Structure formats: C-alpha cells, structure tokens
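Peer 1: Could you have a look at this structure, given as structure tokens, before my questions?
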C-alpha cells in the first residue's frame, strides 16, 4: 500500500503490482530473444549462452509474480517467483567469468591466471553461492516450516550474499590487475578496452543489486520471529515495505545488465577461435597453438594462479614470444613456431569487427 503498511493476508508484505511484473516479463522476453539471435548469429553460445537462460528465469519469475499479484496469500507462488528471480544474478556473474576467460585467451601474456580455469574457479564459488541462496530462499519464504529452519534460512542467505560480494570483489581485482598490465605494456586496444568496460559496468550493476539484497535481508531478519501485538511493522526498513525498491534495484538493474550485453556484445570485438590472440604490438592478431601448460587439469583447477607450480606455472609455454613475435615486431605475414617447437602457423592479420 502507499503508506508502506503490511497488507492483511499478503505473503509479500504489501499488495504486489499487477502491471509491473507483466511489463518486466515482456521486456526480459524481448532481450532474451535478442540474446538468442546473437548467440546464433555470432556463434557465441559458449561465451554468452547463459544470458538467454537467465532471461528465461526472469521471465518465469515475473510471470509467476503476475499470478501472485492476484493470489496474494499463495506461499508456493512466492517461493517459485523468488527462487527464479534470485537465482539469475549469480548466473549472470558466471557469464562475466566466461567473457574474462575469453579475453585472457586473447591476451595470454598478461593473464593473471590460467584462462581455462577462470570459469571453473569462479564457477565453483558461484555454485556454492547458488546452493546457499536457493536453500535460504526456500526456508525463508515458507512460513509453514519450523522456526529453526527459518533461522537457518536467514543464516544461509546472509552467508550467500556476503560470499557473493566477496567473489565479485575478487573478480574485479583480477580484471583490474589484467587491465593494469595491458596499460603498463602499452596495449590500448579499443576492442579489449570496450569489452573490459562493459564487464566493469555489468559487475557494478550486479554488485549494486547484491548490496540492495543485503540491506533488504538484514532488514527482514530484524523482525521478531513471533511478533506480538506491540510490535510495529513500520519499524522495518522502507526497502522491505515498499515494492518499488525491488523494481529499481532488482528488476531494473538486471534488465539494464541484459540490454548492456545486447548492445555491447563481446563477439563483435573478440574472435571466435580461442587460438587467435593479440600480438604484443596491440594491433595484429596471430593464430597460435592456444594456451598449454605441463600441469594437469586437476592441478590447474586447484592452483589456477600457478602459485605452487614454480617454473612450471601456467605461463611456462610462452608461444607469443617465439620466432621474433615478442615485443610487437610481428611484421611477417606467416611464421611457424609454437609450444615445444611444433609447426603451428602464427598468422598475422588486422582485427575486424563482426
């Protein structure tokens, strides 16, 4: 209600809008179809295929919320809608990890960690965040379970949200290290910078949304488990009592993030082939052998940064510096070289946008 007071019988606290969720379901449908077309057109299912999936989660979540607006005492509807909408942002982070891994393959000589382990390292952390998130939401939105389970739900949600922020900060730190290395070596490639800026903006959107969720959840957790007649629900944070905060900091930001990757699609700037990398002159593209190390997959998963590998770390096979291609002097059209002396063509070409 306009005064922020709870609506009797509503599991949402307020009376949810009947129009807004329908609008957002439609908008996510449109941006999801756009992503699907781009994945097919740019053959980019590997790098951005998670975006159509997340849009589907949002579509289902908001469509169910439309139904819930007409049936405000239905707990099952609240649980399904909340789980779908809450689950999508961490997966969108996973999509950003895909993009970072692709950039590290493109500029391997400045990669802070094994490019192929970017997704597995952060994906594993995100999996645990999703697990905690899903369990927490399921416990919190079901008033028919024991209070001990609801208390556990609060703990799981707080842990998931704080862990999610920590993972994002670690991700931004790695991107920042990589970006600084590129700048320090004189690489100012507009394609790389464009994708990195998009990733910064996307991470900012998701981070802001997560901070909003932290504020909201800690506000909810202050409510007494068994409120008596003396308890005033107006003491709850406005973030909890007013629905428009949800549409600004959850729906609005996540829609903006989806449209951001629509309009600044990474495949317009990065090649599809993971063996193609940017020469150290910052302009030419080379066809190389791809990232290769002497470490096993298990070791690179356990130690993606190569901290415990010594000289056998993830940067041992520096194919980009063989046969005179280091330092950006790759002026020959074709040379041969590669890891361990293999005859792998290193093809020079100018970057062309898709």
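Cβ from N, Cα, C; glycine included.
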Peer 1: Could you tell me which of the ranges 118-140, 210-232 is annotated in TrEMBL as transmembrane segment?
Peer 2: 118-140
Peer 1: When you scan the chain for residues with a C-beta under 8 Å from the transmembrane segment (244-261), skipping those not six or more beyond its ends, what do you find?
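Peer 2: For the transmembrane segment (244-261), the sequence-distant neighbours (Cβ-Cβ under 8 Å, at least 6 residues beyond its ends) are 17, 20, 24, 27-28, 31-32, 35, 48, 51, 54-55, 58, 62, 85, 88-89, 92, 95, 198, 201-202, 205-206, 208-209, 212-213, 216, 238.
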Peer 1: If you count Cβ pairs under 8 Å, which stretch among 76-97, 160-179, 191-208 touches the transmembrane segment (49-70) the most?
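Peer 2: Comparing 76-97, 160-179, 191-208: 76-97 has the most Cβ pairs near the transmembrane segment (49-70).
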